[in-house]
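Student: Structure incoming, see below.
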Amino acid sequence: MKTILVTGGTGLVGSAIKKVVETTEKRDDEKWVFIGSKDCDLENLEETRELFESVKPTHVIHLAAMVGGLFHNLAHNLQFFRKNMAINDNVLALCHEFDVIKCVSCLSTCIFPDKTSYPIDETMVHLGPPHDSNFGYSYAKRMIDVLNKGYAQEHGRKYTSVVPCNVFGPHDNYNLQSGHVLPALIHKAYVAQRDGTPLQVYGSGTPLRQFIYSIDLARLFIRVVREYEDVEPIILSVNESDEVSIRDAVSAVVKAIDFTGDVEYDTSKADGQFKKTASNEKLLKLFPDFQFTPFEQAIQESVQWFVDNYETARK
């Protein structure tokens, strides 16, 4: 019997994994345990040890992190670095201490070097400094790869990481200050539609992004836990041809929410990196049969969830 502990299990990706393992990917030989920040302070080593003692996991999906959008990162790089370093070191140390067979941690495409060639692939993680806007978060996430390789080299551990592109879906953080681009847009569009005001979008709308639906990412995470045996990271991203501009994303949200007012772009606000195009060649070789949800359908489902759960959504 496998016992799979999911840290950060109540957030965007954790909620999606929970939904998928309770429905289409349910298996009798797996027990899944989802914990959130209310259940355990992973910055505290003793609390984390008590969690591992109580759950006794054979496998771990490590999603817990301090996360935020561009403007939140710009203001708090030190906080993002220290908090995430502490969480990651504790979780991996206890995976080793409790003889966990496999730990799959979650990185992000923003950790890659700012000055790079495209598309980005898994070999490029440490080839130069990340973008200035979120260097604290990026370096802390890169150190997971260093820890994984260290545990493999010294102890033969199979701890690995996945690198998703921009994730969105139900149970996201819709906070207008700290949320990522799509959930913040969905919230803004909802308010603009309700109040009859223009929809204000920060930046020019020209940057390009690959977006992955949280349900698709959940299905991939589960397959990685069950089937991927390498320590090297693997990028979990939609195809390069599925990259969209922020303007395209705004159009999809506007259509899904049926917003008919004016859209205004505030070009005095920062755009962040122009693009972070990632290659999913390794993923497609491993799981050639995988089908992604079309972007507009995923946006429609995400908007519907937010509208239906407006009172209780994180915002």
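Placed from the backbone N, Cα and C atoms, the Cβ positions cover glycine too.
According to Swiss-Prot, the protein carries these features:
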type	residues	note
ACT_SITE	Y137	active site, proton donor/acceptor
BINDING	G8, G9, T10, G11, L12, V13, G14, K141, P164, C165, N166, V167, H180	NADP(+) binding site
BINDING	K188, R209, D271	substrate binding site
SITE	S108	site 'Important for catalytic activity'
SITE	C110	site 'Important for catalytic activity'
SITE	K141	site 'Lowers pKa of active site Tyr'
Student: Provide, as an integer number of angstrom, the distance between the C-alpha atoms of Y137 (active site, proton donor/acceptor) and K188 (substrate binding site).
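Tutor: Spelling it out, the Cα of Y137 (active site, proton donor/acceptor) and the Cα of K188 (substrate binding site) are 25 Å apart.
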Student: Please state whether DSSP places P164 (NADP(+) binding site) in a helix, a strand or coil.
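Tutor: Looking at the DSSP assignment, P164 (NADP(+) binding site) belongs to a strand.
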Student: List which of the recorded positions G8, T10, S108, H180, D271 have their Cα within 10 Å of the Cα of K141 (site 'Lowers pKa of active site Tyr'), in sequence order.
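Tutor: Of everything listed, what lies within 10 Å of K141 (site 'Lowers pKa of active site Tyr') (Cα to Cα) is S108.
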Student: Out of S108, C110, K188, R209, the recorded positions in the record, which is closest to T10 (NADP(+) binding site) when you go by Cα distance?
Tutor: S108
Student: According to DSSP, folded down to helix, strand and coil, what is S108 (site 'Important for catalytic activity')?
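Tutor: S108 (site 'Important for catalytic activity') sits in coil per DSSP, no helix or strand.
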Student: Spatial neighbours of S108 (site 'Important for catalytic activity') among the binding-site residues L12, P164, H180, R209, D271, defined as Cα within 10 A: which are they?
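Tutor: Of L12, P164, H180, R209, D271, within range: P164.
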Student: Applying a 10 Å Cβ distance cut-off over all chains shown, what neighbour count does S108 (site 'Important for catalytic activity') have?
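Tutor: So the Cβ neighbour count for S108 (site 'Important for catalytic activity') comes to 20.
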